[in-house]
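Visitor: Please see the structure below; I have some questions.
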Amino acid sequence: MEPAGTLERGVAVLRALAAEPARRTRATDLVRATGLARSTVDRVLATLAHLGYVRMREREVVLAPRLMELGEAYLACGGLRDLLSPFAEALAEQLDESVSLAVPDGDGVRFVGQFTRRRTMSVAFEVGDRLPADRCAAGLALREPAGWAEDDQLIEPGLVAVAVPVRDPAGRRVCAVSVVSHTSRHTATGLRDHALPVLRETVAKMETALTAPAATGSAPRVDPSRGLKEELGAAYLQSLARGLAVLVSLGSAAGGLSLADAAKVTGLPRATVRRALMTLGELGYAAGDGRWVLLPRVLDLGYAHLSGFTFTEVVQPHLADLVAAVGESASAAVLAGDDVVYVARVPTKSIMSVTITVGTRFPAYATSMGRVLLADRPEEEFAALEFRPLTKRTITSAAELAAAVRQVARDGYAVVDQELEEGVRSIAVPVRDRTGRVVAAVNVATHASRVSTAGLLRDILPALRRTAARIEADLVLTRVTP
(Lines of atoms letter the chains of each structure in order from A and count residues from 1; the text may use other names and numbers.)
(Lines give C-alpha, C1' and ligand atoms only; values in the text may rest on other atoms or scores of the structure.)
Protein backbone atom coordinates (compact mmCIF):
# COMPACT_ATOMS: atom_id res chain seq x y z
CA MET A 1 0.00 0.00 0.00
CA GLU A 2 1.31 3.46 -0.92
CA PRO A 3 2.14 5.75 2.00
CA ALA A 4 -0.22 8.56 2.94
CA GLY A 5 2.31 11.14 1.80
CA THR A 6 2.20 10.11 -1.87
CA LEU A 7 -0.01 13.04 -2.87
CA GLU A 8 2.19 15.45 -0.92
CA ARG A 9 5.31 14.15 -2.64
CA GLY A 10 3.67 14.32 -6.04
CA VAL A 11 2.66 17.93 -5.50
CA ALA A 12 6.20 18.73 -4.34
CA VAL A 13 7.54 17.47 -7.67
CA LEU A 14 4.96 19.49 -9.59
CA ARG A 15 5.83 22.59 -7.59
CA ALA A 16 9.53 22.11 -8.32
CA LEU A 17 8.84 21.67 -12.03
CA ALA A 18 6.72 24.82 -12.12
CA ALA A 19 9.40 26.81 -10.30
CA GLU A 20 12.19 25.80 -12.72
CA PRO A 21 13.05 28.97 -14.69
CA ALA A 22 14.07 27.04 -17.81
CA ARG A 23 10.82 25.01 -17.64
CA ARG A 24 12.90 21.96 -18.59
CA THR A 25 14.53 19.84 -15.93
CA ARG A 26 15.86 16.36 -15.25
CA ALA A 27 14.95 13.83 -12.59
CA THR A 28 18.28 14.45 -10.84
CA ASP A 29 17.41 18.16 -10.56
CA LEU A 30 14.07 17.27 -8.99
CA VAL A 31 15.77 14.99 -6.49
CA ARG A 32 17.89 17.93 -5.34
CA ALA A 33 14.97 20.38 -5.34
CA THR A 34 12.55 18.17 -3.38
CA GLY A 35 14.85 16.04 -1.22
CA LEU A 36 12.99 12.93 -2.40
CA ALA A 37 14.60 9.64 -3.35
CA ARG A 38 15.33 9.11 -7.05
CA SER A 39 13.03 6.09 -7.16
CA THR A 40 10.18 8.18 -5.74
CA VAL A 41 10.76 10.98 -8.25
CA ASP A 42 10.81 8.46 -11.10
CA ARG A 43 7.48 6.96 -10.01
CA VAL A 44 5.91 10.40 -9.60
CA LEU A 45 7.08 11.44 -13.07
CA ALA A 46 5.81 8.20 -14.60
CA THR A 47 2.40 8.80 -13.03
CA LEU A 48 2.27 12.45 -14.10
CA ALA A 49 3.26 11.46 -17.63
CA HIS A 50 0.45 8.89 -17.82
CA LEU A 51 -1.97 11.56 -16.60
CA GLY A 52 -0.73 13.84 -19.41
CA TYR A 53 0.57 16.48 -16.98
CA VAL A 54 4.21 16.25 -18.07
CA ARG A 55 6.08 15.12 -21.16
CA MET A 56 9.29 13.16 -21.10
CA ARG A 57 11.73 14.31 -23.78
CA GLU A 58 14.77 12.03 -23.64
CA ARG A 59 16.20 12.92 -20.21
CA GLU A 60 14.22 16.13 -19.77
CA VAL A 61 10.81 16.70 -18.21
CA VAL A 62 8.53 19.51 -19.40
CA LEU A 63 5.12 20.63 -18.24
CA ALA A 64 2.23 19.77 -20.57
CA PRO A 65 -0.88 21.91 -21.17
CA ARG A 66 -3.16 19.28 -19.64
CA LEU A 67 -1.68 20.21 -16.25
CA MET A 68 -3.72 23.40 -16.58
CA GLU A 69 -6.82 21.43 -15.62
CA LEU A 70 -5.69 21.79 -12.01
CA GLY A 71 -5.70 25.58 -12.29
CA GLU A 72 -8.88 25.49 -14.33
CA ALA A 73 -10.51 23.58 -11.48
CA TYR A 74 -9.62 26.40 -9.08
CA LEU A 75 -10.92 29.05 -11.49
CA ALA A 76 -14.17 27.14 -12.00
CA CYS A 77 -14.56 26.48 -8.28
CA GLY A 78 -14.20 30.16 -7.48
CA GLY A 79 -16.51 31.04 -10.35
CA LEU A 80 -15.21 34.60 -10.61
CA ARG A 81 -13.32 34.34 -13.88
CA ASP A 82 -16.15 32.88 -15.93
CA LEU A 83 -18.76 35.15 -14.37
CA LEU A 84 -16.83 38.43 -14.49
CA SER A 85 -14.72 38.03 -17.64
CA PRO A 86 -17.38 39.34 -20.07
CA PHE A 87 -17.61 42.57 -18.05
CA ALA A 88 -13.82 42.93 -17.86
CA GLU A 89 -13.43 42.30 -21.57
CA ALA A 90 -16.06 44.92 -22.39
CA LEU A 91 -14.32 47.38 -20.06
CA ALA A 92 -10.99 46.84 -21.83
CA GLU A 93 -12.68 47.45 -25.16
CA GLN A 94 -14.46 50.57 -23.95
CA LEU A 95 -11.39 52.18 -22.38
CA ASP A 96 -8.88 50.77 -24.88
CA GLU A 97 -6.67 49.79 -21.94
CA SER A 98 -5.64 46.47 -20.41
CA VAL A 99 -7.84 45.13 -17.62
CA SER A 100 -7.06 42.45 -15.03
CA LEU A 101 -8.94 40.50 -12.37
CA ALA A 102 -7.04 39.60 -9.19
CA VAL A 103 -8.03 37.74 -6.02
CA PRO A 104 -6.51 38.00 -2.53
CA ASP A 105 -3.88 35.34 -1.81
CA GLY A 106 -2.26 35.69 1.61
CA ASP A 107 -0.08 38.80 1.60
CA GLY A 108 -0.38 39.07 -2.17
CA VAL A 109 -2.87 39.07 -5.01
CA ARG A 110 -3.11 36.53 -7.79
CA PHE A 111 -4.30 37.25 -11.32
CA VAL A 112 -7.27 35.18 -12.49
CA GLY A 113 -8.08 37.15 -15.64
CA GLN A 114 -6.11 39.26 -18.14
CA PHE A 115 -7.62 41.25 -20.98
CA THR A 116 -4.80 43.00 -22.78
CA ARG A 117 -4.65 45.39 -25.71
CA ARG A 118 -2.27 44.71 -28.57
CA ARG A 119 0.50 47.29 -28.24
CA THR A 120 4.28 47.42 -28.42
CA MET A 121 4.29 48.20 -24.68
CA SER A 122 1.74 45.96 -22.97
CA VAL A 123 1.16 44.14 -19.68
CA ALA A 124 3.20 40.93 -19.46
CA PHE A 125 1.49 39.36 -16.42
CA GLU A 126 -0.11 35.95 -16.95
CA VAL A 127 -3.10 34.38 -15.25
CA GLY A 128 -1.67 32.67 -12.17
CA ASP A 129 1.06 35.24 -11.52
CA ARG A 130 1.23 36.62 -7.97
CA LEU A 131 2.21 40.14 -6.83
CA PRO A 132 2.76 41.63 -3.36
CA ALA A 133 -0.47 43.24 -2.21
CA ASP A 134 1.25 46.43 -1.07
CA ARG A 135 2.95 46.94 -4.45
CA CYS A 136 0.00 47.01 -6.83
CA ALA A 137 -3.34 48.76 -7.22
CA ALA A 138 -5.33 45.53 -6.94
CA GLY A 139 -3.78 44.61 -3.60
CA LEU A 140 -4.25 48.10 -2.21
CA ALA A 141 -7.88 48.23 -3.38
CA LEU A 142 -8.62 45.00 -1.51
CA ARG A 143 -7.22 46.52 1.71
CA GLU A 144 -7.88 50.26 1.61
CA PRO A 145 -11.22 51.65 2.88
CA ALA A 146 -11.46 54.30 0.13
CA GLY A 147 -13.10 51.90 -2.33
CA TRP A 148 -10.39 52.33 -4.96
CA ALA A 149 -6.61 52.54 -5.23
CA GLU A 150 -3.97 53.51 -7.73
CA ASP A 151 -0.48 52.31 -8.59
CA ASP A 152 1.85 55.06 -9.76
CA GLN A 153 4.84 52.97 -10.91
CA LEU A 154 4.99 51.00 -7.64
CA ILE A 155 5.58 47.60 -9.21
CA GLU A 156 7.55 48.75 -12.26
CA PRO A 157 8.70 52.05 -13.80
CA GLY A 158 6.23 53.25 -16.39
CA LEU A 159 3.31 51.12 -15.22
CA VAL A 160 0.25 52.91 -13.82
CA ALA A 161 -3.03 51.37 -12.71
CA VAL A 162 -6.29 52.11 -10.96
CA ALA A 163 -8.33 49.39 -9.21
CA VAL A 164 -11.71 48.93 -7.54
CA PRO A 165 -12.70 45.97 -5.30
CA VAL A 166 -15.62 43.69 -6.13
CA ARG A 167 -17.80 42.58 -3.23
CA ASP A 168 -19.88 39.42 -3.02
CA PRO A 169 -23.47 39.44 -1.69
CA ALA A 170 -22.09 39.12 1.88
CA GLY A 171 -20.04 42.30 1.43
CA ARG A 172 -16.64 40.56 1.29
CA ARG A 173 -14.02 41.87 -1.12
CA VAL A 174 -13.50 38.83 -3.31
CA CYS A 175 -11.47 40.33 -6.14
CA ALA A 176 -10.23 43.58 -7.62
CA VAL A 177 -10.58 44.92 -11.15
CA SER A 178 -7.62 46.94 -12.41
CA VAL A 179 -7.23 49.15 -15.45
CA VAL A 180 -3.55 49.16 -16.40
CA SER A 181 -1.68 51.54 -18.68
CA HIS A 182 1.74 53.05 -19.35
CA THR A 183 3.06 56.52 -18.63
CA SER A 184 3.52 57.01 -22.36
CA ARG A 185 -0.30 57.05 -22.54
CA HIS A 186 -1.46 58.32 -19.14
CA THR A 187 -0.19 59.73 -15.88
CA ALA A 188 -1.62 58.04 -12.80
CA THR A 189 -3.96 61.00 -12.31
CA GLY A 190 -4.92 61.00 -15.97
CA LEU A 191 -5.71 57.29 -15.91
CA ARG A 192 -7.80 57.71 -12.77
CA ASP A 193 -9.85 60.49 -14.38
CA HIS A 194 -10.20 58.50 -17.60
CA ALA A 195 -11.04 55.10 -16.14
CA LEU A 196 -12.42 55.31 -12.60
CA PRO A 197 -16.03 56.36 -13.39
CA VAL A 198 -16.48 53.61 -16.00
CA LEU A 199 -14.62 51.14 -13.79
CA ARG A 200 -17.04 51.77 -10.93
CA GLU A 201 -20.02 51.25 -13.24
CA THR A 202 -18.55 47.95 -14.42
CA VAL A 203 -17.90 46.76 -10.86
CA ALA A 204 -21.52 47.50 -9.96
CA LYS A 205 -22.62 45.23 -12.82
CA MET A 206 -20.20 42.55 -11.64
CA GLU A 207 -21.58 42.67 -8.11
CA THR A 208 -25.09 42.25 -9.47
CA ALA A 209 -23.94 39.22 -11.47
CA LEU A 210 -22.50 37.66 -8.30
CA THR A 211 -26.00 37.42 -6.82
CA ALA A 212 -26.94 34.75 -9.41
CA PRO A 213 -27.18 31.16 -8.09
CA ALA A 214 -24.13 28.92 -8.59
CA ALA A 215 -24.13 26.04 -11.06
CA THR A 216 -24.61 22.46 -9.88
CA GLY A 217 -21.97 19.73 -9.87
CA SER A 218 -21.03 17.18 -12.51
CA ALA A 219 -22.44 13.70 -12.94
CA PRO A 220 -20.73 10.79 -11.14
CA ARG A 221 -18.00 8.89 -12.97
CA VAL A 222 -16.00 5.72 -12.45
CA ASP A 223 -12.56 5.87 -10.82
CA PRO A 224 -10.19 5.95 -13.87
CA SER A 225 -7.05 5.14 -11.88
CA ARG A 226 -7.92 1.51 -11.16
CA GLY A 227 -7.28 0.21 -14.68
CA LEU A 228 -4.00 2.10 -15.01
CA LYS A 229 -2.77 0.70 -11.70
CA GLU A 230 -3.49 -2.81 -12.90
CA GLU A 231 -1.83 -2.09 -16.25
CA LEU A 232 1.29 -0.24 -15.06
CA GLY A 233 1.89 -1.80 -11.65
CA ALA A 234 4.33 -0.27 -9.16
CA ALA A 235 5.39 2.52 -11.54
CA TYR A 236 1.93 4.07 -11.22
CA LEU A 237 1.11 5.92 -7.99
CA GLN A 238 -2.62 5.44 -7.65
CA SER A 239 -2.80 7.61 -4.52
CA LEU A 240 -1.31 10.54 -6.43
CA ALA A 241 -3.64 10.10 -9.40
CA ARG A 242 -6.65 9.84 -7.12
CA GLY A 243 -5.61 12.85 -5.05
CA LEU A 244 -5.25 15.00 -8.16
CA ALA A 245 -8.61 13.70 -9.40
CA VAL A 246 -10.17 14.93 -6.14
CA LEU A 247 -8.55 18.34 -6.67
CA VAL A 248 -9.98 18.55 -10.19
CA SER A 249 -13.41 17.43 -8.98
CA LEU A 250 -13.75 20.48 -6.75
CA GLY A 251 -13.94 22.57 -9.91
CA SER A 252 -17.11 20.83 -11.09
CA ALA A 253 -19.28 23.37 -9.27
CA ALA A 254 -18.81 27.02 -8.36
CA GLY A 255 -18.52 27.17 -4.59
CA GLY A 256 -16.92 23.74 -4.29
CA LEU A 257 -18.28 20.38 -3.18
CA SER A 258 -19.09 18.50 -0.02
CA LEU A 259 -17.08 15.37 0.71
CA ALA A 260 -20.02 13.23 -0.39
CA ASP A 261 -20.40 15.14 -3.66
CA ALA A 262 -16.66 14.88 -4.37
CA ALA A 263 -16.89 11.12 -3.86
CA LYS A 264 -19.78 10.95 -6.34
CA VAL A 265 -17.99 13.07 -8.94
CA THR A 266 -14.75 11.07 -8.75
CA GLY A 267 -16.26 7.64 -8.21
CA LEU A 268 -13.86 7.14 -5.30
CA PRO A 269 -14.57 5.82 -1.78
CA ARG A 270 -15.37 8.52 0.76
CA ALA A 271 -12.38 7.55 2.90
CA THR A 272 -10.04 8.04 -0.07
CA VAL A 273 -11.58 11.42 -0.86
CA ARG A 274 -11.37 12.49 2.79
CA ARG A 275 -7.64 11.71 2.95
CA ALA A 276 -6.99 13.61 -0.26
CA LEU A 277 -8.97 16.64 0.92
CA MET A 278 -7.17 16.71 4.24
CA THR A 279 -3.79 16.59 2.48
CA LEU A 280 -4.79 19.34 0.04
CA GLY A 281 -5.95 21.41 2.99
CA GLU A 282 -2.67 20.92 4.87
CA LEU A 283 -0.72 21.94 1.75
CA GLY A 284 -2.74 25.13 1.30
CA TYR A 285 -4.51 24.14 -1.91
CA ALA A 286 -8.01 23.65 -0.49
CA ALA A 287 -10.15 24.66 2.47
CA GLY A 288 -13.29 23.06 3.81
CA ASP A 289 -16.09 23.87 6.20
CA GLY A 290 -18.92 21.66 5.05
CA ARG A 291 -18.02 22.40 1.44
CA TRP A 292 -14.49 22.14 0.12
CA VAL A 293 -13.16 24.86 -2.16
CA LEU A 294 -9.86 25.29 -3.95
CA LEU A 295 -7.51 28.14 -3.07
CA PRO A 296 -5.47 30.43 -5.37
CA ARG A 297 -2.26 28.56 -4.56
CA VAL A 298 -3.36 25.86 -7.00
CA LEU A 299 -2.31 28.25 -9.77
CA ASP A 300 1.29 27.82 -8.60
CA LEU A 301 1.27 24.38 -10.20
CA GLY A 302 2.41 25.53 -13.62
CA TYR A 303 -0.64 27.54 -14.65
CA ALA A 304 1.08 30.90 -15.21
CA HIS A 305 3.80 29.40 -17.38
CA LEU A 306 1.43 27.28 -19.45
CA SER A 307 -1.11 30.08 -19.92
CA GLY A 308 1.64 32.04 -21.65
CA PHE A 309 2.11 29.36 -24.33
CA THR A 310 1.87 30.36 -27.97
CA PHE A 311 -0.08 28.35 -30.52
CA THR A 312 3.19 26.97 -31.89
CA GLU A 313 4.30 25.84 -28.42
CA VAL A 314 1.01 24.01 -27.94
CA VAL A 315 1.14 22.29 -31.33
CA GLN A 316 4.82 21.39 -31.70
CA PRO A 317 5.00 18.46 -29.21
CA HIS A 318 1.94 16.85 -30.78
CA LEU A 319 3.49 17.10 -34.23
CA ALA A 320 6.65 15.48 -32.85
CA ASP A 321 4.59 12.58 -31.49
CA LEU A 322 2.81 12.25 -34.83
CA VAL A 323 6.09 12.15 -36.77
CA ALA A 324 7.42 9.51 -34.38
CA ALA A 325 4.28 7.44 -34.98
CA VAL A 326 4.01 7.66 -38.78
CA GLY A 327 7.58 8.37 -39.87
CA GLU A 328 6.63 11.31 -42.11
CA SER A 329 6.89 15.10 -41.79
CA ALA A 330 4.01 16.94 -40.08
CA SER A 331 3.01 20.61 -40.06
CA ALA A 332 0.39 23.07 -38.84
CA ALA A 333 -0.78 26.11 -40.78
CA VAL A 334 -3.28 28.95 -40.61
CA LEU A 335 -5.01 30.93 -43.32
CA ALA A 336 -3.58 34.37 -44.15
CA GLY A 337 -5.52 35.98 -46.96
CA ASP A 338 -5.47 33.54 -49.86
CA ASP A 339 -2.40 31.68 -48.57
CA VAL A 340 -1.60 29.19 -45.86
CA VAL A 341 1.24 30.12 -43.51
CA TYR A 342 3.16 27.38 -41.71
CA VAL A 343 3.22 28.05 -37.95
CA ALA A 344 4.71 24.77 -36.71
CA ARG A 345 6.58 21.93 -38.32
CA VAL A 346 8.46 18.75 -37.45
CA PRO A 347 10.39 17.21 -40.35
CA THR A 348 11.27 13.57 -40.62
CA LYS A 349 14.83 12.43 -41.04
CA SER A 350 15.19 10.66 -44.36
CA ILE A 351 17.22 10.94 -47.54
CA MET A 352 14.15 12.14 -49.46
CA SER A 353 11.96 14.46 -47.36
CA VAL A 354 9.68 17.47 -47.80
CA THR A 355 11.67 20.59 -46.86
CA ILE A 356 9.50 23.47 -45.58
CA THR A 357 10.17 25.97 -42.79
CA VAL A 358 7.93 27.85 -40.35
CA GLY A 359 6.73 31.06 -42.00
CA THR A 360 6.54 29.52 -45.48
CA ARG A 361 3.50 30.59 -47.51
CA PHE A 362 1.73 28.63 -50.24
CA PRO A 363 -1.48 29.32 -52.18
CA ALA A 364 -4.27 27.77 -50.16
CA TYR A 365 -6.10 26.28 -53.15
CA ALA A 366 -3.16 23.98 -53.98
CA THR A 367 -2.53 22.55 -50.49
CA SER A 368 -4.31 20.04 -48.28
CA MET A 369 -4.26 22.37 -45.26
CA GLY A 370 -5.49 25.24 -47.42
CA ARG A 371 -8.51 23.29 -48.61
CA VAL A 372 -9.39 22.31 -45.06
CA LEU A 373 -9.27 25.98 -44.08
CA LEU A 374 -11.11 27.19 -47.20
CA ALA A 375 -14.01 24.88 -46.33
CA ASP A 376 -15.17 27.58 -43.89
CA ARG A 377 -15.21 30.27 -46.61
CA PRO A 378 -18.17 31.12 -48.87
CA GLU A 379 -17.65 29.55 -52.30
CA GLU A 380 -18.38 32.83 -54.08
CA GLU A 381 -15.06 34.16 -52.76
CA PHE A 382 -13.15 31.55 -54.78
CA ALA A 383 -13.73 33.48 -58.01
CA ALA A 384 -11.39 36.21 -56.77
CA LEU A 385 -8.47 33.80 -56.32
CA GLU A 386 -5.57 33.88 -58.75
CA PHE A 387 -5.17 30.30 -59.95
CA ARG A 388 -1.84 29.14 -61.39
CA PRO A 389 -0.96 25.64 -62.65
CA LEU A 390 1.87 24.82 -60.23
CA THR A 391 1.96 21.29 -61.67
CA LYS A 392 -0.01 19.52 -64.38
CA ARG A 393 -2.35 18.25 -61.63
CA THR A 394 -3.17 21.61 -59.99
CA ILE A 395 -6.81 22.67 -60.06
CA THR A 396 -7.10 26.01 -61.84
CA SER A 397 -10.70 27.17 -61.52
CA ALA A 398 -13.12 28.32 -58.84
CA ALA A 399 -15.56 25.57 -59.84
CA GLU A 400 -12.95 22.84 -59.35
CA LEU A 401 -11.93 24.30 -56.00
CA ALA A 402 -15.55 24.55 -54.84
CA ALA A 403 -16.11 20.88 -55.69
CA ALA A 404 -12.91 19.88 -53.88
CA VAL A 405 -13.80 21.91 -50.81
CA ARG A 406 -17.30 20.45 -50.66
CA GLN A 407 -15.70 17.00 -50.66
CA VAL A 408 -13.45 18.08 -47.78
CA ALA A 409 -16.49 19.24 -45.81
CA ARG A 410 -18.13 15.84 -46.32
CA ASP A 411 -15.04 13.76 -45.53
CA GLY A 412 -13.50 15.85 -42.75
CA TYR A 413 -10.08 15.68 -44.39
CA ALA A 414 -8.30 16.80 -47.57
CA VAL A 415 -5.85 14.91 -49.76
CA VAL A 416 -3.77 16.81 -52.31
CA ASP A 417 -1.81 14.66 -54.72
CA GLN A 418 1.12 16.45 -56.40
CA GLU A 419 -0.76 19.70 -57.04
CA LEU A 420 1.65 21.94 -55.15
CA GLU A 421 4.80 20.20 -56.37
CA GLU A 422 5.51 17.05 -58.34
CA GLY A 423 6.20 14.18 -55.99
CA VAL A 424 4.56 15.72 -52.90
CA ARG A 425 1.42 14.05 -51.55
CA SER A 426 -0.29 15.26 -48.35
CA ILE A 427 -3.33 14.80 -46.15
CA ALA A 428 -4.77 17.36 -43.69
CA VAL A 429 -7.51 17.67 -41.07
CA PRO A 430 -8.95 20.74 -39.31
CA VAL A 431 -8.14 21.98 -35.82
CA ARG A 432 -11.02 23.68 -33.99
CA ASP A 433 -11.04 26.07 -31.04
CA ARG A 434 -13.25 25.84 -27.96
CA THR A 435 -16.21 27.29 -29.93
CA GLY A 436 -15.93 24.73 -32.73
CA ARG A 437 -14.50 27.20 -35.24
CA VAL A 438 -11.74 25.93 -37.55
CA VAL A 439 -8.63 27.95 -36.66
CA ALA A 440 -5.83 25.86 -38.14
CA ALA A 441 -5.04 22.67 -39.97
CA VAL A 442 -2.48 19.91 -39.45
CA ASN A 443 -1.07 17.71 -42.17
CA VAL A 444 1.34 14.95 -43.00
CA ALA A 445 3.32 15.34 -46.22
CA THR A 446 5.29 12.61 -47.93
CA HIS A 447 6.94 11.76 -51.22
CA ALA A 448 4.46 10.20 -53.62
CA SER A 449 6.80 7.31 -54.34
CA ARG A 450 6.80 6.30 -50.69
CA VAL A 451 3.13 6.42 -49.63
CA SER A 452 0.08 5.96 -51.86
CA THR A 453 -3.18 7.83 -51.42
CA ALA A 454 -4.71 4.64 -50.04
CA GLY A 455 -1.80 4.42 -47.62
CA LEU A 456 -2.45 7.97 -46.42
CA LEU A 457 -6.06 7.10 -45.65
CA ARG A 458 -5.29 3.75 -44.07
CA ASP A 459 -2.11 4.44 -42.12
CA ILE A 460 -1.86 8.21 -41.64
CA LEU A 461 -5.39 9.59 -41.31
CA PRO A 462 -6.31 7.87 -37.99
CA ALA A 463 -3.12 9.12 -36.31
CA LEU A 464 -3.60 12.58 -37.82
CA ARG A 465 -7.13 12.80 -36.42
CA ARG A 466 -5.94 11.72 -32.98
CA THR A 467 -3.27 14.43 -33.10
CA ALA A 468 -5.83 17.09 -34.03
CA ALA A 469 -8.06 15.99 -31.14
CA ARG A 470 -5.17 16.28 -28.67
CA ILE A 471 -4.27 19.72 -29.98
CA GLU A 472 -7.90 20.81 -29.63
CA ALA A 473 -7.99 19.57 -26.03
CA ASP A 474 -4.90 21.65 -25.24
CA LEU A 475 -6.36 24.71 -26.98
CA VAL A 476 -9.42 24.47 -24.73
CA LEU A 477 -7.20 24.53 -21.63
CA THR A 478 -4.71 27.17 -22.79
CA ARG A 479 -7.34 29.34 -24.54
CA VAL A 480 -4.70 30.00 -27.18
CA THR A 481 -5.62 31.12 -30.69
CA PRO A 482 -3.29 31.21 -33.70
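Every residue gets a Cβ built from N, Cα and C, even glycine.
Okay, these came from TrEMBL:
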type   : residues : note
DOMAIN : 4-72     : domain 'HTH iclR-type'
DOMAIN : 66-212   : domain 'IclR-ED'
DOMAIN : 237-296  : domain 'HTH iclR-type'
DOMAIN : 297-477  : domain 'IclR-ED'
Visitor: What does DSSP give as the helix, strand and coil breakdown of the domain 'HTH iclR-type' (4-72)?
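Guide: Tallied per class, the domain 'HTH iclR-type' (4-72) gives 44 helix, 11 strand, 14 coil.
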Visitor: Per-residue pLDDT averaged over the domain 'IclR-ED' (66-212) comes to what?
Guide: 93
Visitor: How many of the residues that make up the domain 'HTH iclR-type' (237-296) does DSSP mark as helix, as strand and as coil?
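Guide: The composition, in the requested order, is 37 helix, 9 strand, 14 coil.
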